[in-house]
Amino acid sequence: MPGADRREMQEKGALNHTADKEQNPFSGERNHDEKLSRPEKKLQEAICVLLVELCERFTFFGIVCNMILFCTVNLGYRNYQAAIVNMCFVGTSTLTPVLLGWLAQCLVGRIKLVCISMALHFLGTALLPVVSFPFEDIYIDRRHILHPLTKREQKIVFYFALLTASLGIGGIRAIVCPLSAYNLEDCGPKELLSFFNWFYWLVNLNSAVVFVSISYIQQSVARNLGFLLPFVSGLMAVITIHMVRGEMIYEPKTDSSLLITFGVIASALRTCCLRSRYFPAAVGNWLDRAKENYGGQYSEIQVEGTKSLTRLFPLFTFQILYRTCMMQIPSGYYLQTMNSNLHFSGFALPVAAMNVISIVPLLILVPVLECINLYLFSSKDTGRSPTIYIVVGQLSAALSVMVAGFSEIHRKHFPQVEQRLSEEVLLVSSMPCFHLAPQYILLGVAEALVTPSCALLSFWLVSERIRGISMHFLALFNGAGCFMGAFFVLTAHAGTQGNWFPHLLHEGKLERFFFFLASLMMVNTLGFWTIAHRYNNLHPDCINELRGSFPGEKLLKHEKAIKRYGTVLESPPILSPMEKT
């Protein structure tokens, strides 16, 4: 009998193993992964996620870096139209991770959506070289040439390529390399700020390489040689397939979602209307009416998590105009550089190479900020907030746009000369493009101060179960800033009949657009400064008011602490990556 029972258990185990293989068709490397120790598996996952992140950013910046030049020279767009297309593409690529993350969680499934996203990404990056390929230069024989695409066909293929590429970018960012995949749950504010600083440092280092290399290839050496982008996209697909086969795709917790958050807000508003009309009752917060004991349909944990998130909405709102200022680098600043003298010691600089000047301050400031953070988080009794970084960064952004206005006035004082860009001869100012460096440097300083600090506050000041939702909302507001920048450009061009955002810069008043944006940014900075005290203390005992303190959350933390204590007793201690450094 014991032998029969053992044989039956073995048969059940074999059946379960076969069922697991049927559920995951990419589990061919499972046996190999089981041989790896837990630290080795984590290290392999981190390397793969980082490589996918870098490949995705490489293709993204490769598309953005010379889009305005392509739209104006190849497609015949006016300056404001090219700027709007560029900002809308960046905004769409910022918003699609939120949408596709929800689709993966609720409708399609993560593995299927990964495959679809990789296919869309490769299709979009492969179609972009087709749009710019010089069909008219390819001879079949002495009499016939390949027929080029018409302008209308070029625009259709171009927009379709941008749409598919942005959808692919969204799926990759949301599923393969979300911030949750870096295991930041147990990090304190000091480690989180250090992570965000070095994460954005690495991303910007990658973008600097792209702006110098890809822009030079597209503009000077071989402007139609854009096949490097689909190659990088294919490499990213290979790494992603390896992650799928090795079961390295991060699986987030399913106890919270954007639908629940919006549902809590809608339920609270609906219940508030009914209560105030028929039988009003006093509650501590208007969102409490979404709780089940107040007539709503959501649990206390879900409502308290939404309450902690809504307290960050003022922080998110003041990031919209800041992101609009940052979008001047690929739009207004790019146009200024394109209409300046790009020749330096007999060498023609690519237009997008000036973006590197805005990246250099970030690459230099991150090590300096790390030293400052040692003092900022040195005391165990207080956890000071980096809100001062955000205030100084937004002030730097306002000064940058103001300096851009004065630089535009200065640029018009120089005589015009002819300059060849992308096989086209343009009439530009003879002012050296390096005179525009101060405005790029100020925006680089702003990005180094604002983005990591805002990511830290968005991640740390909410409960653990909705941190991913908080980062999604931050992305939503950043995307709104991109579209607001496009709206400002369209409004300024239409309202002034092209005077504030002209096609020929020497005939218009682009500086007035910059001064208008700088004044708005100054007001935005003062507004954030008045509410910055709400996020000043990051000590765990002081942020319960922001996160929300309720019995369910405390019970979950208590169970997690017991489970963590048990794992420490069972296994030898392993230093985290932050502790090793």
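Along the chain as shown, the residues are counted starting at 1.
Keep in mind that glycine also has a Cβ here, set from the backbone N, Cα and C atoms.
Where the annotation comes from TrEMBL, it is an automatic prediction and has not been curated.
What TrEMBL records for 1-11, 18-37 is compositional bias 'Basic and acidic residues'. Taken from TrEMBL, the feature region 'Disordered' covers 1-37. Residues or ranges marked as transmembrane segment by TrEMBL: 58-77, 84-105, 111-135, 156-176, 198-217, 224-244, 347-376, 388-407, 440-461, 473-493, 513-532.
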Recorded stretches the transmembrane segment (440-461) and the transmembrane segment (198-217) touching, at least 3 CB pairs under 8 Å: yes
Same-chain residues at least 6 beyond the ends of the transmembrane segment (513-532) whose Cβ lies under 8 Å from its Cβ atoms: 314-315, 318, 321-322, 324-325, 328, 332, 387-388, 390-391, 394-395, 397-399, 401-402, 404-405, 408, 488-489, 492, 500-501
Tertiary contacts of the transmembrane segment (156-176), as residues 6+ beyond its ends and Cβ separation under 8 Å: 49, 52, 56, 59-60, 63, 75, 85, 89, 92-93, 95-101, 104, 110, 113-114, 116-125, 127-128, 130-131, 149, 233, 236, 240, 243, 249-250
Cβ-Cβ under 8 Å with the transmembrane segment (58-77): same-chain residues at least 6 beyond its ends: 83, 85-86, 89-90, 93, 121, 125, 128, 131-132, 151, 154-155, 158, 162, 165, 169, 206-207, 209-211, 214-215, 218-219, 226, 228-229, 232-233, 236, 330-331, 334-335, 338, 350-352, 355, 421-422, 424
Selected stretch (most C-beta pairs under 8 A with the transmembrane segment (198-217)) from 84-105, 347-376, 473-493: 347-376
Cβ-Cβ under 8 Å with the transmembrane segment (473-493): same-chain residues at least 6 beyond its ends: 80, 83-84, 87-88, 90-92, 94-95, 97-98, 309, 312-313, 316-317, 319-324, 326-328, 331, 454-455, 458, 500-501, 513, 516-517
